[in-house]
Amino acid sequence: MLQLKSFKPGGIHPPQQKLSAGAAITWGAVPKQLLIPVQQHIGKPCKVLVNKGDAVKRGDLLAESTGFISSNVHAPLDGKVQKIMRFPLLGGQVRDVIQLTCNDAGTPYREIVEKDYNDQPVDIDALDASEIRKKIAAAGIVGMGGAGFPTHVKLTPPDGKKIDTLLINGAECEPYITADHRLMLEYSREIIQGTRLLQRLFDGVPVFIGIEDNKPDALRAMDEAAKEADMIDVVPLKTQYPQGGEKQLIKAILGREVPSKGLPMDVGVVVQNVATVLAIRNAVYFDRPLTERVVTVSGNLVGQPGNIVLPIGTPVSTVMEQFDIDPARVRLFISGGPMMGRTSYSFESPVSKTTSALLFFDETAVVKREENPCIRCGNCINACPMGLAVARLTEMIIANGIDPAAKEAVLDCIECGSCSYVCPADRRLVHWMRLGKNIIRREN
């Protein structure tokens, strides 16, 4: 029997709750308005290029990157700019957004998007690596697995960093989220096309596509699509959280360990999420910017959990209407997964390039717990995929006395939430680790 690959140390097994795994990707109607965040990425903010009253077309550049580590923002739909204002995003930040009234409200969104792909694709073979990178940068593509790091930066390692392996991340280890699962089932061929483009950027290096074994249909689909491709292998992974973390994926598939404060490229690896790879394919083949994404809509308040293509900037309230979710019954609303996502408070906040899921729960799903003193059980240490002494580190953070030797360990935390999940004392461990990281960064 094939040995499933996984990482060590740590890891947990929360209930999977993949309620929407069997739900094919759907498309809603064009919303009445969009609230398009000007910054949806890690790095420098963009410069807004439009003004109140401007008419824009789908694909127009709305906000331009202002540095290498930055990412363009485009119009998902035709419309008119109503205003540029400060507005709360799903992560809790208040940022500039462009309010756009859509011309085609009510029209099936799929009809509009599919027009982009009626033309013949560009001559891929005529493009060199530099031109491919330029297309990716122009399209405003960022990591769609959650971090939002500008993709063209990841694909341009500095001198002296030799990339010898590409990893495509199809693990999707968070409970509830199934957007990537459905992409691998329904767009496997296109994902392989994007993967082959990435290979060309690094002189045809080998590629491994990691997929957890709780998605056997996706494993089969991707394996079939990769049959004709050179040096692309699909790797079954043990279903274990957080298998989809970059460092954990590298450890599981390649056995390499990213050094403390290091990056995947420090061990010769570039990692890309499957949704990002599909966006790369669309950008290079058809010059299409990143203006929509697949989002899982789930939770015990959703009668029929699903996966839907949404224009970037769609207000959550619009999604709730499409899924018949009663706002009055929502006790907990999470953007992203239950482990690493963020509790959100505004149903008017918009979907962004990094929004993988919208989860809605009523009061029966919410359990209030009191935080208690540590009982020295060691569960958090055993669960931590980074091998950190979480209990001791959080005590230092709470006491506002982080030992200089411990600061590096605090910064190594990937905020996966495994420690909080297993803590019998219900300590808010990941909260304290997050706070500690912010304190250290401010000091520096």
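For all residues, glycine too, the Cβ spot is worked out from N, Cα and C.
Annotated [4Fe-4S] cluster 1 binding site per TrEMBL: CYS374, CYS377, CYS380, CYS423, in sequence order. The [4Fe-4S] cluster 2 binding site annotation in TrEMBL covers CYS384, CYS413, CYS416, CYS419. Annotation source TrEMBL lists domain '4Fe-4S ferredoxin-type' at 365-395, 402-433.
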Residues close to [4Fe-4S] cluster 1 site centre defined by CYS374, CYS377, CYS380, CYS423, Cβ within 8 Å: ILE375, ARG376, GLY378, ASN379, VAL390, ALA391, CYS419, VAL422, PRO424, ALA425, ARG427, LEU429
Could you say whether, by DSSP, CYS380 ([4Fe-4S] cluster 1 binding site) belongs to a helix, a strand or a coil region? helix
Secondary structure split (DSSP) over the domain '4Fe-4S ferredoxin-type' (402-433) reads 19 helix, 0 strand, 13 coil
How long is the line from the C-alpha of CYS419 ([4Fe-4S] cluster 2 binding site) to the C-alpha of CYS380 ([4Fe-4S] cluster 1 binding site), rounded to the nearest angstrom? 4
For the recorded [4Fe-4S] cluster 2 site, enumerate neighbouring residues of the same chain (Cβ within 8 Å of the Cβ centroid of CYS384, CYS413, CYS416, CYS419, site residues themselves excluded), in sequence order. GLY10, CYS380, ALA383, PRO385, MET386, LEU388, VAL390, ILE414, GLU415, GLY417, SER418, LEU429, VAL430, MET433
Long-range same-chain neighbours of CYS380 ([4Fe-4S] cluster 1 binding site), Cβ under 8 Å, sequence gap at least 6? VAL390, ALA391, SER418, CYS419, VAL422, CYS423, LEU429
For CYS413 ([4Fe-4S] cluster 2 binding site), the nonlocal same-chain Cβ neighbours (under 8 Å, six or more residues apart) come out as MET386, LEU388, VAL430, MET433, ARG434, GLY436, LYS437
Should one count Cβ atoms within 10 Å of each candidate's Cβ, the binding-site residues CYS374, CYS377, CYS423 would be headed by CYS423
In all the protein chains shown, the tally of other Cβ atoms within 10 Å of the Cβ of CYS384 ([4Fe-4S] cluster 2 binding site) is 25
In sequence order, which residues at least six apart in the same chain have a CB under 8 Å from the CB of CYS416 ([4Fe-4S] cluster 2 binding site)? TYR241, PRO242, GLY245, MET339, MET340, PRO385, VAL430
Average pLDDT across the domain '4Fe-4S ferredoxin-type' (365-395)? 94
Between CYS377 ([4Fe-4S] cluster 1 binding site) and CYS384 ([4Fe-4S] cluster 2 binding site), how many Å separate their Cα atoms? 14
